Amino acid sequence: MSMLKNYRFSIMLLSGVLMGAVVGIYFGPQAKVLQPVADIFLNLIFCLIVPVVFFSVASSIANMDGVGKLKKILLIFLAVVIGSGLVTCMLALGTIKLINPTDGLSIDFGTTAVNTQASLSIVTMLTVSDFSLLLSKNSMLPLIIFTILLGISLSLMGEKANPVKNYLNVMVEAFSRMVAIVMYLAPLGIACYFAVLIGVIGSQVISSVARVTIIYIIFTLLFFVITSSLYAWWGGGNKGLKIYWKYIWLPMTAAMGTCSSTACIPVNMQAAHKMNIPKSIYDIVIPLGGSVHKNGVVAVQIMKVAFLFAVFNRPFGIDAIGMAILVAMISGIIVGTIPSGGFIGEVLIATAFGFPPEVIPVIVIMGTISDSFCTMLNVTSDTAISMVIARMVEGEDWIDRTESDISFQKIDEVRV
């Protein structure tokens, strides 16, 4: 029952896809009468994107503080997150080039214009010429950069910024509840969209999505085994490798059962303690990693971009690859730091490369199908990089030392 409850929303989404596909196949082009329902859902999501990103990111950064050892841990954590994210991107791109799961894809999304120049300008990708231009879903990256700078500025102001911080926190809660309300419409909106899509285009979209998703799942399993082993060995040598594989199974199965990195923080901290990772490190890295270290997301975003480039017959050249890496890295952060980050990650892909909004439900389904494997990779990577950070902060012999003066809290006492 608990697993059914955890997967309930994903099951509802997939059921919506199935029902929509059946309706589309049965009624054909006549299913287009459902288009307004699908558009209402998408428009509600679009309207929430800018305020959700602004308030959530600004609040998160404004409330940060830390000095001394904490600063060192955070800097190393940031470097490891960026480094591991780049490695993930390179391996995902290599897999795409080697296997080419998008070969022969062709899906007609209608006559909506595709802005092929949107992916070619770094300046317009990262900045806008006027503040008012930030208030658009088409300016996601400039908005995120602006919001990060605002959050840092508020953090540096100390107690003087408390009223603004409190306001941001309240607005985060308010928009979180708005997102929860809107997401009740997701199964219906997705069902209507797929009814129209299948009715007008045909069943090719289902087989195309399934092919790329299967490749991603295989990639995820291999990536988990190989990279986690390398991180554990680098962080703790042969002893670290052995102890990692002895205690990682509970976080791994919890991740696949809950599809939530945040929900796995307590069991992941317990596993880190059993691996003898210093408490001062896993207390920071595991919760923070649960929000911003998402190798599973990075990999699937790369594959989604490659999928869409194949669908629209656009060349996936060096400039597009560079932009895809940037979008994937940012998506890996926003998915865990803002409500409905997954949907916003899909919007970021569409707007960054000039794809029509009709592609968003399709790549959302790709993420939904592979969600449990994606979460598994996210969660298990946090424990592995904790071992790497332990070596860089505490020295090579950290695994042979114990923190006898610090006891681990019982699992039911850990606060997420």
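Any Cβ shown, glycine's included, is placed from N, Cα and C.
What TrEMBL lists as transmembrane segment is 7-28 (among others).
Taking Cβ pairs closer than 8 Å, the transmembrane segment (40-61) reaches residues 134-137, 140, 143-144, 147-148, 150-152, 154-155, 165, 168-169, 171-172, 175, 178-179, 182, 185-186, 188-190, 192-193, 334, 337-340, 343-344, 347, 357, 360-361 in its own chain, all 6 or more past its ends. The transmembrane segment annotation in TrEMBL covers 40-61 (among others).
Look at TrEMBL and you will find 73-96 (among others) tagged as transmembrane segment.
TrEMBL lists 140-158 (among others) with the feature transmembrane segment.
The transmembrane segment annotation in TrEMBL covers 178-202 (among others). Only residues 6 or more beyond the boundaries of the transmembrane segment (178-202), in the same chain, are considered here, and those with a CB under 8 A from a CB of the stretch are 9, 12-13, 15-17, 19-21, 23-25, 27-32, 34-35, 37-38, 40-42, 44-45, 48, 52, 107-110, 339-340, 358, 361-362, 364-365.
For 214-235 (among others), the entry in TrEMBL reads transmembrane segment. Long-range contacts of the transmembrane segment (214-235) within the same chain, counting only residues at least 6 positions beyond its ends with a Cβ under 8 Å from a Cβ of the stretch, are 84, 87-88, 91-92, 95, 99, 101, 241, 243-245, 248, 295-296, 299-300, 303, 366, 370, 373-374, 376-377, 380-381, 384-391.
Annotation source TrEMBL lists transmembrane segment at 247-269 (among others).
Residues or ranges marked as transmembrane segment in TrEMBL: 316-339 (among others).
According to TrEMBL, the feature transmembrane segment maps to 359-379 (among others). Outside the transmembrane segment (359-379) by six or more residues, the chain places 10, 13-14, 17, 38, 42, 107, 109, 189-190, 193-194, 197, 205, 209-210, 212-213, 216-217, 220-221, 223-224, 251-252, 254-261, 264, 268, 290, 293-297, 299-300, 303-304, 307-308, 311, 336, 342-343, 346-347, 349-350 with a CB less than 8 A from a CB of the stretch.
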